[in-house]
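S.K.: I have a structure here, written as C-alpha cells, and I will follow up with some questions on it.
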Amino acid sequence: MFNYSGLNEECGVFGIWNHPEAAQLTYMGLHSLQHRGQEGAGIVVSDQNELKGERGLGLLTEAINDDQMERLKGYQHAIGHVRYATSGNKGIENIQPFLYHFYDMSVGICHNGNLINAKSLRQNLEKQGAIFHSSSDTEVIMHLIRRSKAPTFEEALKESLRKVKGGFTFAILTKDALYGAVDPNAIRPLVVGKMKDGTYILASETCAIDVLGAEFVQDIHAGEYVVINDKGITVKSYTHHTTTAISAMEYIYFARPDSTIAGKNVHAVRKASGKKLAQESPVNADMVIGVPNSSLSAASGYAEEIGLPYEMGLVKNQYVARTFIQPTQELREQGVRVKLSAVKDIVDGKNIILVDDSIVRGTTIRRIVKMLKDSGANKVHVRIASPEFMFPSFYGIDVSTTAELISASKSPEEIKDYIGADSLAYLSVDGLIESIGLDYDAPYSGLCVESFTGDYPAGLYDYEANYKAHLSHRQKQYISKNKHFFDSEGNLNV
C-alpha cells in the first residue's frame, strides 16, 4: 500500500548577472543545488543581444554535457534550474528554464514551487486562445505576462505575480535584466549574493552562493521581487498582502545543512530539533543512530542531549545508480537495502534509538527497522525530528494526496506496530517551532507547517474540492480540535 519513496523537493533556481563566465558559474551553482532536483537541468544565457539555452534529462552532469557548455560560453548573464517534477510530466518539454522568443523580446524563465491555481488560470488562458507547449505550471505566468496591458515588462510581471497563488520563487532573464520573485508567504526561499568583482547572484539556497566564494547580501522576503541590471540591484514589493510562512520542510529535510534560511543555519536547526525531541521523548538505550543524510544533525543533537554515544550504525551508498529506483515492486523492495547498509558490528545486541527526519509513507523506515533487527539489534526505538506528517502539501513537495500519508489514517501506536519499532515518538509542533527559532509576527512564528496542521497559508484554490472530499477521519478529528489561522484562500482568520 505504501510504496518506497522519499520526499522530493521539485526544483532549485540560480541566476547570475554580469560575469564573463556566467554559464560556467551557473553550472557550479546548480551542482550545489542538485539535491533539490535530479530529473533534469537547464541553463539560459544572455549577452544583452540574444538569449539561448541548453537543457536535458537526468542529473546535471547527464543533462548538460561539455559540448552544450561550450555553446553557452561568451555570455555574461544566465539563469539555471534543476528539476524534480511535482507539476507536469517528466518529459524534456518540461525541463526549465523555458526560453521564449517574441517579436519584441526574448525571455528565459524558471520556477521553484507549485502554483495552486495554475489549472484554473490555464483553462481561462486557453479559452482566450493561449497555446501551451508543456504541462508545467511555470508556463502559465509567461502567458499572463504577455497578455498584460501594462506598459513595461516589470509592470506586467508585477501584475502577473499578483494573479498566481501558491508557494514559489521565479528567476527570469531578459537581455536587460535578471529578475527574481518570491510568493506572498515566502514559502520557498530565494537569496541574493555578491561576488568580489560586483557580480550579483540569485539562488534557492545560500550554499550556491558560498560555493562561488560570494557574500550573502539578503533574503528576498514575502511578496518581494528583485531587479538586477547594469545599474545595480533593486528590491521591491509586488503586493503588501503578505504573511510570512517559510516552509518548515526546508529546515527539516530539503535544504543542505550548510545553507542558511532567514538567518537560521539548517544544521543548527536540525541539531536543536534533535535536542528538543530528546527532552520531549527520552528513552533508555545504548546508542543513537541517524538515518543518512538529512537526519544526522538531529541524531547528534538527540545523543548530545540524552548523554548517549552517537554511532554510525547505518551507512549510505552515495553512488547508487538512479536506475535502482524503479517502478516495480521487486526493485522497490531492494531499494532501501541498496541505498543503506546496517553496520552489524555496531548494532548487534544493542538497544538503539533511531532518529529520522519524518515519516511520510512509512515504507522506508519500516525496512530500516527490519534491517537493523536483521543485523542483530535488540530493540529499535524510533524518534522523528518533526511532527506527524498528516496532511498533503500543495506548495512544491511531491505529496499532494491524503492516500500517500500513513499518519492520515494510522495513529502513532498503529504506525509503531506497522514499522516494527519498539517505541515511536514525534517532535511536537511547538517543539519544532521553538527549535527553528523564527520570530516573525505571524502564525507559527513565521513557519509554514501545513503538512503537520492542515493549515494552508497560501490557501487551497484548485486543490480544495479534492482535498476536502478525501479527508480521513483522523484528519477531520485533528482539524476539529486545533485552531486554524488561514482560510481556504490563505486569508488570516479574524
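Backbone N, Cα and C atoms are what each Cβ position is placed from, and that goes for glycine too.
Quantities reported herein were computed from a predicted structural model and do not represent experimental measurements.
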S.K.: Quick check: of Ser294, Ser297, Ser300, Ser423, which does Swiss-Prot put in the same Mg(2+) site as Asp356, Asp357?
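M.R.: Of Ser294, Ser297, Ser300, Ser423, Ser294 joins Asp356, Asp357 in the Mg(2+) site that Swiss-Prot records.
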S.K.: If you average pLDDT over the domain 'Glutamine amidotransferase type-2' (11-231), what do you get?
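M.R.: Across the residues of the domain 'Glutamine amidotransferase type-2' (11-231) the model's pLDDT averages 96 on the 0 to 100 scale.
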S.K.: Asp357 (Mg(2+) binding site) has how many other Cβ neighbours within 10 Å of its own Cβ?
M.R.: 29
S.K.: Report the nearest neighbour of Cys11 (active site, nucleophile) in space among the binding-site residues Ser294, Asp356, Asp357, comparing Cα positions.
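M.R.: Closest recorded candidate to Cys11 (active site, nucleophile) by Cα: Ser294.
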S.K.: Tell me which of the recorded positions Cys11, Ser294, Asp356 sits in the most Cβ-dense spot, judged by other Cβ atoms within 10 Å.
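M.R.: The most densely surrounded of these recorded positions is Cys11.
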S.K.: Starting from the Cβ centroid of Ser294, Asp356, Asp357, which together make up the recorded Mg(2+) site, report each further residue of the same chain whose Cβ lies within 8 Å of that point, ordered by sequence.
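M.R.: My list of surrounding residues reads Ile252, Tyr253, Gly290, Val291, Ser295, Ala298, Val355, Ser358, Ile384, Ala385, Ser386.
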